[in-house]
Amino acid sequence: MTHKVKLCKCPLTATITCSSNRIPESKGNPTLKGLVQCQPPPDIQNGTRSNQETAVFPSGMLVKYTCNPGYALIGEATIQCIDNGMWSFPAPNCEVRQCPPPPDIQNGNHSNQETRVFPSGMLVKYACDSGYALIGEATLHCTNAGRWSSPAPNCEGTFCDQNFFFFL
């Protein structure tokens, strides 16, 4: 019995599959099946993705996105190359983290009263009205987590009359 061998050169994006037992059946030749792959996933502003050095993204490959400090991920953090050559979800966005407006305090105020957006890193300074003393932190900053660095201070009355002098 004589066996004929056929050699073929396949592109890197193809695989050869043969019938059972790794032996081609007498009527069949190995078949080429194209490897499904996706286009490289997009980079995002203010963030990074895994597999930066990868050139080929075959079906099943996962890519994870993360945002830089001070930014929040909007969308799916992990996307997958699926069998149709598309990504399972669009790339997410990284948006600036913000704090809620700082709380107002009785008998005092804070800087940036007219401001509506408080991005991470922003400072707010509190001051008390005349006759009141500040108890707590005078300056708060919006953290990368989108929270104020400490609770708002209080303004407590000093109970001193500036015109009253006590002599012994």
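We count from 1, first residue shown onward.
Any Cβ shown, glycine's included, is placed from N, Cα and C.
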Record TrEMBL, residue Cys67, disulfide partner from Cys38, Cys94: Cys94
Bond partner of Cys128 - disulfide, per TrEMBL - picked from Cys142, Cys155: Cys155
Cys81: disulphide-bonded cysteine as recorded in TrEMBL, out of Cys38, Cys142: Cys38
From Cys99, Cys160, partner that TrEMBL gives for the disulfide involving Cys142: Cys99
Intrachain C-beta neighbours of Cys81 (disulfide bond), sequence separation six or more, cut-off 8 angstroms: Val36, Gln37, Cys38, Phe57, Pro58, Ser59, Gly60, Met61, Val63, Trp87, Ser88
DSSP-derived helix, strand and coil totals, residue by residue, for the domain 'Sushi' (97-157): 0 helix, 26 strand, 35 coil
For the domain 'Sushi' (97-157), mean pLDDT (0 to 100): 94
Cα distance (Å, whole number) from Cys142 (disulfide bond) to Cys128 (disulfide bond): 21
Inter-residue C-alpha distance, Cys94 (disulfide bond) and Cys155 (disulfide bond) (nearest angstrom): 38
The domain 'Sushi' (36-96): DSSP-derived helix, strand, coil residue counts: 0 helix, 26 strand, 35 coil
